[in-house]
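Below is one structure, written out as structure tokens; the observations come after it.
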Amino acid sequence: MEPQTQAKKSNLVLILDYGSQYTHLITRRIRSLSVFSLCINGTSSLDSITELNPRVIILSGGPHSVHADGAPCFPSGFIEYVESQGIHVLGICYGLQLLVQNLGGVVKVGEKHEYGRMEIEVQKNYGLFGNKQIGDKQVVWMSHGDEAVKLPEGFEVVARSNQGAVAAIENREKKFYGLQYHPEVTHSVEGMETLRHFLFDICGVTAGWNMEDVLEEEIKVIKALVGPEDHVICALSGGVDSTVAATVVHKAIGDRLHCVFVDNGLLRYKERERVMATFESDLHLPVTCVDATEEFLSKLKGVTEPEMKRKIIGKEFINIFDIFAHDLEKKVGKKPAYLVQGTLYPDVIESCPPPGSGRTHSHTIKSHHNVGGLPKDMKLKLIEPLKLLFKDEVRAMGKIMNIPVAFLRRHPFPGPGLAVRIPGDVTAGNSLDILRQVDEIFIQSIKDAGIYDEIWQAFAVFLPVKTVGVQGDQRTHSHAVALRAVTSQDGMTADWYYFDFKFLDDVSRKICNSVRGVNRVLLDITSKPPSTIEWE
């Protein structure tokens, strides 16, 4: 989806990312105000900024010092560009320091570093704090070692921390503003109010971005892109993203979309029957179901290395997909031209190199997040209708298209399926069957307790260890399983879900009493970071 319409472009808030762990949060917060917001690398070229024609530019925070060699910075000519176009600029944390340093001020290593919750006091009741009184105090989230000690000409301090450090600055004439704290995090209690005041009252942005318009625009883009005789293929995983993406394309081009759902033998309990019923009965999508259980499991036999498992699964998917595409070509008389993918904005953000890292590509993301290598002779062009959306926005779009709410609320499920939830050989013994049963009991218990929607993702993990137990007055030597449930906004960071002890007690009893081969249940209580959500 490209922000093509004039309404969107004239209200675009562009975020230049300098590596803060909170950058994606700024994008989300602004979109929650019904304003379109995009995030690009802070060292992007001036051309790539001017092409987007932003109304407002936000310079994000970051882990660097403006004094360090190779510290990331906006491109040459940026200041002249924003001044000539009358673009409002807000620097946050590192972004504030970049503005100060590049406009003739001085940034030094602070005598006292400020990290975590701090109190600030309003010094001027106009501009950024035009809706406050002088002397008003608020709690904010600080994270900086450097501080602005001399402001550029025309700037003034509009708030200070309780240690006396500069907390907010502005040059209203030139439309430059800066906050030394992070208004986008929930710890900054009045941060959203400040962002709202800045965007609507200072910058004059209007709130007009909504999912109905996004959907309509995307359908137009797909219709214009895909020729009247072209055919499009899509691999459906049974998850929300690929389903919503396929439904958007189906709305645009009808039955020239051809979907395939592959049962790789690594699905959850009755997953195939459940998702195929939704595809056929509720969404009326043209879907071919391929049972490739034998092909996948035979190739995975004896393989224990996590990345190797992913590669085997990815390669086998491509083989199945290739056969599907060639069969389709025979049927319709021409090669399919496009491939639909449910790539989301966090995947795009995670795939960008961290600014200031000196790299032109990202850290290796787990390969199940990435587009697998397609067969060379396929030469498919990508359609990614969701690539600028967050998960909650995808669900909102799905709701507009009448995808059942229960389906849209489904927790994410990884591409390699249960293979990443069975450390070691997934084909050993009956580990897949045991895991399916445990997972079904856990998820159904969560639904019965009415807490499914509070959780981002919940699942069971089969542990390749046997433990001693006592069941039916006999000693047993059976398997241990782990339960994992996390809360998150978009999967980039996550915290473990705080279950009621009575709930955990009931689930543990149900599992040990119902699933043959399990005599111990563990709970994973680590956040992301340091852990990932999945175990492999």
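Cβ atoms are placed via backbone N, Cα and C, with glycine included.
Residues annotated as ATP binding site in TrEMBL: Ser237, Gly238, Gly239, Val240, Asp241, Ser242, Thr243. Thr243 (ATP binding site) has a Cβ environment of 27 other Cβ atoms inside 10 Å.
Across the domain 'GMPS ATP-PPase' (209-410), the prediction's mean pLDDT works out to 85. According to TrEMBL, the feature domain 'GMPS ATP-PPase' maps to 209-410.
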| message | Suppose we draw a 10 Å sphere around the Cβ of Gly238 (ATP binding site). How many other Cβ atoms does it contain, all chains included? | response | 22
| Sorted by sequence, non-Ser237, Gly238, Gly239, Val240, Asp241, Ser242, Thr243 residues with Cβ within 8 Å of centre, ATP | Leu236, Val244, Ala245, Gly342, Phe413
| Are there any residues in the same chain, six or more apart in sequence, whose C-beta is under 8 angstroms from the C-beta of Gly239 (ATP binding site), and if so which? | Gly342, Arg410, Pro412, Phe413
| Under 8 Å by Cβ from Val240 (ATP binding site), same chain, sequence gap 6 or more | Lys391, Val394, Arg395, Gly398, Phe407, Leu408, Arg410, Pro412
